[in-house]
């Protein structure tokens, strides 16, 4: 689901430009001047471009996939079966007042969103950027210009995984090419192209090293946060709610094994398929009711 969000579009364009720049530096300024047209240039070029390709595919899937948008309610549901909630779109003062005077709905209750008029299943939350409620919403990520929710979290995990792998491999190739750098080669300081080309190579090397290091550290922090959320079965929004003074004990869910939690996100198939961004994970049927008509006849 593509979003016309200015911040998200700028971040997406930055990602594509940085990926293209990294590929340009590795191929034109590192591999070809150092190894020429040898087998090592072909090998490192194929591996690096394979990582970049999987990164782009995972990014496209995370950006264009439905994160779990809750459909707008077409029928009125009795108020005794639902609780109104406006989630994170309320002001700080409103949130503090509600925490002090009302109990938060538990993780097993349906709620009616006052922002988009959708009847939300348990653990769905409203996104102020997408202006819709998202199933198991973790956060809205401008780098993929989409929410990270129940249906696209696998692709987001793959995206940050391959960004980290690409960053590490680019640093490895960068160091390798400078170890085998020839001062009399095409980009050498005493080479046929002069000092200007050598200085340009140094600048490109510094820029690529900074890009790889910054993005590598960034995705490392994000991946630790995402894996922690998966293993504890608690999204970022739910973590904020848990810190509230009126957090209900009924909102706590029984813990499963880490493998079982990963299967809920990446699918129950072979674990090797968890790394493939082209395969859509199989969705298990939620334990809660799925239709508004069913909910209307459900006694609580």
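One is the number of the first residue shown, and numbering goes on along the chain from there.
Every residue, even glycine, has its Cβ placed from backbone N, Cα and C.
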**Item:** 49-73, 74-98, 99-123 - the one TrEMBL records as region 'Disordered'
**Value:** 74-98
**Fill in**
Expected hit for transmembrane segment in TrEMBL across 136-158, 159-181 is 159-181
**Complete:** Expected hit for transmembrane segment in TrEMBL across 201-222, 223-244 is 201-222
**Helix, strand and coil counts within the domain 'Palmitoyltransferase DHHC' (109-241) (DSSP)** = 72 helix, 19 strand, 42 coil
